[in-house]
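Annotated features in TrEMBL:
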- ASN9: active site (ACT_SITE)
- ASP198: active site (ACT_SITE)
- 296-306: compositional bias 'Basic and acidic residues' (COMPBIAS)
- 316-325: compositional bias 'Low complexity' (COMPBIAS)
- 1-111: domain 'HotDog ACOT-type' (DOMAIN)
- 167-281: domain 'HotDog ACOT-type' (DOMAIN)
- 293-325: region 'Disordered' (REGION)
Amino acid sequence: RIMRPDDANIAGNVHGGTILKMIEEAGAIISTRHCNSQDGEPCVAALARVERTDFLSPMCIGEVANVSAEITYTSRHSVEVQVNVMSENILTGAKKVTNKATLWYVPLSLKNVNKVLEVPPIQYARKEQEDEGKKRYEEQKLDRLETKQRNGDVILPVINPEPHTVGYSQSSLIHLVGPSDCTLLGFVHGGVTMKLMDEVAGIVAARHCKTNIVTASVDAINFHEKIKKGCVITVSGRMTFTSNKSMEIEVFVDADPFVDEPRERYRAVSAFFTYVSLSKEGKPLPVPQLLTETEDEKRRFEEGKGRYLQTKAKRQAQMQQSAQQ
């Protein structure tokens, strides 16, 4: 579809959350089709995880986004979907790849939202494809478990914070989950949640550097628990790390399900977003250094630095491999 002004920021760059929402919709369609391709209990595919997603090139107002999805692996109870996003300038015909994403879905019964159904297997062209897919499945399963164990943090307000500190830019958004946010089963679309997370992360980044900012990448997004219609969700974001030209922001979503089944607030989703600062000409700008004050902030900064260096090393290795080919 064509990108409209309400899809973009004030500089005309399409929000990362808008693109993430389109990616999730494509993944939900193809995985739900596949899971209902054989006789059995009808179901809807629910998003469980999005692997690291890089925003390779910014998309602008007036460009056409083309989103394509393919199922690349199935386990007994999950589906791996790979999605590619391409932008097209309809005035010049120029096309470019903007995103490549991998998502994991689980099929939930239409009769019982808590019942996970079995997934019809797919046919692989080569045995190696199945082996590689199984390896990815095991890796993401382990990472989801580790991430869930870290989800005890909360963001508290800071009185009169200094500029460029964590407290100065941290932000929260409160949203009542309505019918338009939900699937047929009455829980929130993963794409809706990711769009809200990107909005909060964008506010944090803009507050920190006071310039035009765009999403550069999103680390793995883990959906720990379903969010049902009628919940009030709090989407919170805080700066964790800055390099010379990028900002890492931790975002998590907490849900208060007080309408149908009262229970304590719980952590539903968590992820790390990376943003870059751009000039009016679209060139990268230096990012103000994050000022850490507490021991926890210093620890999170070092953890973010580790993720940054690891990603940088992987990117350099990929470039060297491409050059050799």
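Every residue, even glycine, has its Cβ placed from backbone N, Cα and C.
Just so you know, TrEMBL annotations are computer predictions that nobody has curated.
In sequence order, HIS15, GLY16, GLY17, LEU20, THR215, VAL218, PHE273 make up the list of same-chain residues 6 or more apart from ASP198 (active site) whose Cβ falls under 8 Å from its Cβ.
Mean pLDDT, taken over the domain 'HotDog ACOT-type' (167-281), works out to 93 on the 0 to 100 scale. DSSP assignment over the domain 'HotDog ACOT-type' (1-111) gives 23 helix, 52 strand, 36 coil. For ASN9 (active site), the same-chain residues 6+ apart in sequence whose C-beta sits under 8 angstroms from its C-beta are HIS15, GLY202, ASN212, ILE213, VAL214.
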